[in-house]
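Visitor: Handing you a structure now.
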């Protein structure tokens, strides 16, 4: 055999030939090869597995090919080891022995029995029951001049399967909110894959597939075959070619991944862009919706504060709701109606929440049952959960809320199925299939008969033992069993002379002899046959029960979805009760009025000795753009986030942290809050800021809410102020979006006198003799001081630095070219770059000023003229 890259120069053993043949079919996977009681990996896979799992790397003989690297682990511990590999981003193929080694002629037959990837896993050791685990496919297409992307995604553990199409430019934001664990993409789309890998969250595995899988014909064939239909018109997806391609890719990938029956994927839904709000990456991050900006964890996020769900299904739905707020008035109001009724009926609410806490995760239980991964205990828990549905249903049927009554109608207790599960499974039995005994006595006559034979035969063996002791006068004679020799009679060496002639020797030990007799052989056959038949029949009955449950997949999934929504609504009511939230008044106007609003996260973090300062917000047709000035640490950014979170909560269907709120529906929430370098992509703070600002200006509408903080601070004062000024003009005149614009450019306060819908607000402070106190109250009017030196003092700057800063600031405010120098230091010339607009300059500038026609200047022209005047003042111009 020719020498390979891995150093094999001679003929390998038959088992290694079998291994290499399987490995060749699954080149992108770590191949776990079952050998006896172990899963073993060889060659390069062994090196990888040894390093990833921190287990011993050894070597084994490979016949004439010499020794090869080997790493392995016991099969009974495989779930934990596989979980570690998948969590680290590897794909794993499991190759099992599919015949009894004792009966094998030659090499034991082996086949791939399971494939586990980040997007295809059912293991509790990998999954978080409060998060979805999505497998996603992306299929870009070009229609004329328009570049689109078809996206499909599935959570195999919950059967959620949906698709959409969107402009290619919106793909990153969509995937960021979806956060799939694995993304399938065509080999021809290398540039797109690299772009997504750079800009998306870390942790997603990109799996490249052959081009032929990404065709409309192939997708139609796969989808129609899966859903057993000749047309996809009934699913409402006929107009979405790229989305269908992506959906077809997912199904084919799952089928090739040995996922068993996928019949529980009974429907595919469409993500309607007009129904829910799209939150871009920046908004999700800046508002800290599901993770904090500080460390990316749940701590300090909105989700952490309001997640009072009682069931994993509700927790997953709440997460999806927060990332996709509603855009239509009717569904928002219906959720508010339901929350209001649950708030006003605490006994009903707590009764519902108590029952939800006792119901199993139906979605994931169903998926494991349908794919033959469930244990008997989980199936029994599903039956017990179905048995609770009638009581829950009765609590909802008299509701005033239309949405609660609709949810009640969707709850199907499936009484016959629940009764069958109760009759079939023994509540006291072991939870594993291997141990047996889980089918209840009386459920199946043949199984009861086999168990009786087995039990009776065991009694007969005890009789044989007693009879032979009497016949032989050997009181220590024992009838025993092992897997190699079966049942035998064991006699000590000291008593071997008492053994009758009809005893047939089976084995000689150091201190004993083992025999069999005709009567023992007869009953051994009865016992083993009955036990084997009993085990096979019990397993068959369990599989039939699982198939019966899988046939009801559509009904169980509908019930699960209703339970999840009910959990979220009850969660919102609980939050409103606990935190003092109010019901917002929603309408289709463009006004936003919040009275005594609070930041939902900060108010929970602050202690009793530092109560949260509530603030009003009025923005709309008369006050369209609020310019908010004031020092750092005064609460400007928190105020912006507070307003954004109040609006988001309202459109999710939750009550809001305020005394009152009236909110005209928002179609998008855009934020630009704080610096966020993207240095790994070669983008500076300012470039990132401008990219985000440009995206906002290009996508916002009159119905959008814009929350902009410190635009332009990443560049020079002159450039930054020019950009901030120009953006305000554009938003006011062109977009007319409701906007909160926090800035340290106090010169922007001039905009109020020039534009009818721009209004100044400021974050108030109180000055004392030697310090300032930040009140964190937003009030009408502009601020005239940034108090930057006071903030530096609070941060612990050395006193001499603070004192020197005050001297320099005083000189700048007097507009001196020569500023006061430090004592015992050389004179220092400071060039002030902080330009004030519309002031008279020195007499030497009068000639230049007199030639300017102010009435014909645009704001941008005025800034350019000011730049020229500055250069004259600094001796750079004429």
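In case you wondered, yes, glycine gets a Cβ from its N, Cα and C as well.
According to Swiss-Prot, the record shows the following:
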- 630, 631, 632, 633, 634, 635, 636, 637: ATP binding site (BINDING)
Visitor: Could you work out which of the binding-site residues (633, 634) has its C-beta surrounded by the smallest number of other C-beta atoms within 10 A?
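Guide: Sparsest of the binding-site residues 633, 634 by Cβ contacts within 10 Å: 633.
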Visitor: Determine the most Cβ-crowded residue among the binding-site residues 630, 631, using a 10 Å radius around each Cβ and all protein chains in the structure.
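Guide: Most Cβ neighbours within 10 Å: 630.
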Visitor: Applying a 10 Å Cβ distance cut-off over all chains shown, what neighbour count does residue 632 (ATP binding site) have?
Guide: 19
Visitor: Among the binding-site residues listed here, 635, 636, 637, which has the most company in the form of other Cβ atoms within 10 Å of its Cβ?
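Guide: The most densely surrounded of these binding-site residues is 636.
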